[in-house]
Protein chains: 2
Amino acid sequence: MSAPEKYPGSRRPLLVKKFGGTSVADIERIRKVARLALESQREGNDVVVVVSAMSGETNRLLGLAHQVLPLPDARELDVIAATGEQVSTALTALAIQAQGGQACSFLGHQLPLRTDSAFTRARILQVEQERIREVLACGQIAVVAGFQGVDSNDNITTLGRGGSDITAVALAAALGADVCEIYTDVEGIYTADPRVCPSGRKLKSISYEEMLELASLGAKVLQVRSVEIAMKYEVPVHVRGTFTEEEGTWLVSRETAFEARVLAGLACEHNQARVELSGLEHHPERMAELMELLAELNTSVDLLRHRQEGTQVSISFTLPEGELLRAKPSLERLVDDLGASAIQVSTGLTKVSLVGIGVRSDPWIAARVCRSLARHRIPVSDLAVNELRISGLVEGSRADEALRILHEAFELARAEASVTRPTNAEGAW
Amino acid sequence: MSAPEKYPGSRRPLLVKKFGGTSVADIERIRKVARLALESQREGNDVVVVVSAMSGETNRLLGLAHQVLPLPDARELDVIAATGEQVSTALTALAIQAQGGQACSFLGHQLPLRTDSAFTRARILQVEQERIREVLACGQIAVVAGFQGVDSNDNITTLGRGGSDITAVALAAALGADVCEIYTDVEGIYTADPRVCPSGRKLKSISYEEMLELASLGAKVLQVRSVEIAMKYEVPVHVRGTFTEEEGTWLVSRETAFEARVLAGLACEHNQARVELSGLEHHPERMAELMELLAELNTSVDLLRHRQEGTQVSISFTLPEGELLRAKPSLERLVDDLGASAIQVSTGLTKVSLVGIGVRSDPWIAARVCRSLARHRIPVSDLAVNELRISGLVEGSRADEALRILHEAFELARAEASVTRPTNAEGAW
């Protein structure tokens, strides 16, 4: 018999299955994860499992670090945070073994999964697949620690909150996996959060672009960068519930979307702050400086608006309230450097967004958003429309109500939501 | 200016300071460790800190693994256990930073500290010092995770209980440290455990060989293999209390012992089992088989005794009670294979040992041990004498009493304990 190839070209389908913190929250749930992995393997698949830290563990660990130092060194913070996934990964491998399977755990530095050196929010540069291929070829299940990697000096890095999604999708891309299954505590992607909007409907599929918008705009199910990677490498992603057998939601390219619909769903980002600088001198140089300063903030600045009144200019934008403190020195610099006459900050706002590939092509959508909210006397400001979404700011206290109104107005609970001109029943526009 | 040498030949003394689990049990104690490290640095030393996991953490982690599987895979167990030191190491680095110092943490795989692949009880093969030298050259304190290493395939390994002592001494040997300071919750090495024997006296110094015996015989202060490494590389080790300024006990070569004394101290190993196989056929081949079987047990077999009666032989030995269960199949094989007529197991015994470089040279020592215990009607069996120690078995319930009697009989509380022939006051021998 001739020596086997190093990686015998397996014809078995390859699944990457990612389980979040609530799915591995205790030993009983970890056993369930092991069962799901073994079932997939028995059905004839090669299986790679990616796990997050046990629910609450990352916060406990970061709490320890913050007890020592309010602003801990990011390198050491990552050393501490990475232990959460280290434990859950090995426990999951043990649980698979306990059920008669074979499994081997891998940490970021063992693959290695290489990242840049931006501690606490590192970006993946390269994923080595050799060791995973080796254990798969031996009939084992590879259990990979999510969230963590190493930079070129073997310093431990982490990928930021939700980083295990990124690990899973990046692994699936590197391995050319047939599916990347993201198991969560919800059953898929919904037209609106069902806890707020009971008529929220689970989507069968959603395009990468729409998911990217929803994730950016507050949908917590998938991490934004994981969607970017999925889109770039066209990884088939299946978002599904850990505690159900049912199909979840597939992320697919726009062309292969299963459903004929123009709107995907609604998302909310709470606790937004709106900043307005007025009385700025109108000068291209000044605007460039302003954009540079906002870039330096490196925060989720959105709904940037620029309004000219005579020779003066005013600028407004939103950012998460939690980042106001960090942004404050830069904002004060803005006022001084740019000679703004006033800076006005409003907080307690919610950004409500309607996402779908049909938003740009139908000008009636923006009109209907305004009309529906006006009918219920919910003021909306800073409305912005781009190719895939329409967003506006409402008072935080009325956000849930606004969500339900828009869900109803756009008939998102119907399997094939579409937008048409108003019918008589809805009254005149 | 010409380029600096990679490792400018530092003339500063180099200290390795190791802190056990109770010394880093909470954030307040970790701050104390940071203070001690910074004080040493300010006094003009280069400082390497080695830490154990926070007290209780290793047990918590192993408990999780045992919940999944009663006999968990050793590779995965090490992945889990190593996180304890990973957290305390980074927290210690943060605590040093919090006090204005500079510090960088290192895990086993980052140095790397290479071991063999004997998971849960790996042996160190090599310690790379390059990265530590680099940070020391920058004026930083290097904080190294104890207990952990990596094998040649980057699998995480651990060095067994007390493994952080081994890490510290091996690092001190590799770096040519001037002192390896082992900080513990006791203040040094005592002639007998002061909690049992209130007259127990802290030794100023002890030879490596004596310490090796004491550590093997139940003194918990230092891990046996750490003493072996210290002896092999003549590392000056200073065992001292974390919560006191006082000098502790120095481990030194026999020639440089500060005190003129023949006895170092007493140690107890509780929960010992004694196994006796009788009616064995007297045959050299049989004896070899027996020794091989005992070697396979890979446990702390001690006080092995071989007695010939006519053509028959009986064999007795001790091992920790906790290992009886694991040893049972092998023992039953012994009985079958060797044709033993009977196997007798006694439990609840304590091995009491008297250690000192003078044991072999003074035949009166064994005699006095027997006489002192007999006077208090404490039966002792299986007495064994070698170069550095004399050990015997007593009933566990009388072990503490035996310890106090022997401490008194050999005047170990006196700064210069020695053994002389009995005086009249002590009665005739």
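Using the three backbone atoms N, Cα and C, a Cβ is placed for every residue, glycine included.
The structure displayed is predicted, hence computed values, not measured ones.
Noted in TrEMBL for the protein shown:
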DOMAIN    B:14-240  domain 'Aspartate/glutamate/uridylate kinase'
BINDING   B:K18, B:F19, B:G20, B:G21, B:T184, B:D185, B:Y190, B:R195, B:K220, B:V221  ATP binding site
BINDING   B:T58, B:E85  substrate binding site
DOMAIN    B:352-410  domain 'Aspartokinase ACT'
Nonlocal neighbours by CB distance (under 8 Å) for B:K220 (ATP binding site), same chain, sequence gap 6 or more: B:G162
Number of Cβ atoms other than its own within 10 Å, given for B:K18 (ATP binding site): 28
Whole-number Å value of the largest CA-CA distance among B:K18, B:F19, B:G20, B:G21, B:T184, B:D185, B:Y190, B:R195, B:K220, B:V221, listed as ATP-binding: 24
Other C-beta atoms that fall within 10 angstroms of the C-beta of B:E85 (substrate binding site): 31
B:G20 (ATP binding site) versus B:T58 (substrate binding site) - Cα distance in angstrom: 12
Secondary structure tally of the domain 'Aspartokinase ACT' (B:352-410) (DSSP, helix then strand then coil): 26 helix, 16 strand, 17 coil
Cβ atoms near B:Y190 (ATP binding site) (within 10 Å, other residues, all chains): 25
Rounded to the nearest Å - Cα separation of B:E85 (substrate binding site) and B:G20 (ATP binding site): 10
Around the Cβ of B:T58 (substrate binding site), the count of other Cβ atoms that are within 10 Å: 22
Distant-in-sequence Cβ neighbours of B:G20 (ATP binding site), under 8 Å, six or more positions away: B:S52, B:S164, B:I182, B:Y183, B:T184, B:D185, B:T242
Around the Cβ of B:T184 (ATP binding site), the count of other Cβ atoms that are within 10 Å: 23
DSSP-derived class (H/G/I helix, E/B strand, else coil) of B:T184 (ATP binding site): strand
